[in-house]
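Remarks on the structure that follows.
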């Protein structure tokens, strides 16, 4: 039953393994099994392995459990760090907030250590629970394809080698190798949707709807998702381009596509322009598409979607950026870099802000750019207090250049990486 586990790990990383990798370890059975499987794999392939634990501070035992993981890692010779989350406000969805914090903290930790790949211990049981929860939310193909075996988030590649494996198999592996693990009491707390789904699976199994079946269905839908992503990519290459950080779609080209491809093109554009890791709500996107067909504009997740001269422009909403002021050497809005040319320099009194209408009025040549004024208002510009210094995308360069971090091609790459 456990013999194939090393094979699953090898398949996840070969033939091009990273030279350095991280593994998220909570101390539970899934992550402890992954830690030991990766330790063997990394020793065999001369890969530097680092472990990390996030202490969410939500239970009294959390610090003690993190210490146990740290000691265990020291015993087996794996460098380990503990990260502490202290930002829970007490409002909203606790599990989602904890999950987002976990990814954010581990991403920052990985980047500090020069790690680009982090393994996490999601199992076939997690997959089945996820599919069941998303069924209740009326999810589409993407949602019902469940947890992906490889994703990119916050600049880190997240790999899930154990998605085909049941939790009971991992616990059998731990018993065979006399490896301890920690039981988290929150795994029995039915206030959480995931635990409710776990309990429901016990009932649904009488109908043949088991964890294995749901995981297999998720696999089939993942194949369908990849096919849709590929068709979306091909469509985008034909009639989509990037201009001033906005996504511009030819209206005729868009309307000739099936409804699902139209939806995916708009969703991916909103995600890329806003910098969000999450797709906007399906209902919000449906409302925007309906508005476009009536010739009306819409706003979703800090982005405007508007028809302008037989084109659909998706661009940052000025209102979402009006208070964002950063030094000229900072990454503005998570995607723009301002580059001084000629005699220009990064100076302490200079800041980058959205151009706005007041700034645009000071750019007499903005029409020559061919860009709509509503788009230019949310583009980056350099200011000396209340005096406009430069607005490179509005024809007012003055020895400054605005450059997208990673370039415009990151949009097309994102169509497939999701």
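A Cβ is built for glycine as well, from the same backbone N, Cα and C atoms used for every other residue.
What you see is a predicted model, and the numbers here were worked out from it, not measured in a lab.
The domain 'tRNA(Ile)-lysidine/2-thiocytidine synthase N-terminal' annotation in TrEMBL covers 21-199.
As annotated by TrEMBL, ATP binding site applies to 26, 27, 28, 29, 30, 31. In the three-state DSSP scheme, residue 31 (ATP binding site) falls into the helix class. A 10 Å cutoff on Cβ-Cβ distances gives residue 31 (ATP binding site) a total of 23 other Cβ atoms nearby, all chains included.
Taking Cβ-Cβ distances under 8 Å and a sequence separation of 6 or more, the neighbours of residue 28 (ATP binding site) in its chain are 121, 181, 182, 183, 184. Taking the mean position of the Cβ atoms of 26, 27, 28, 29, 30, 31 as the ATP site, the remaining residues of that chain whose Cβ falls within 8 Å of it are 25, 32, 33, 121, 181, 182, 184.
Applying an 8 A CB threshold to same-chain residues 6+ apart, the list for residue 29 (ATP binding site) reads 167, 170, 171, 174, 181.
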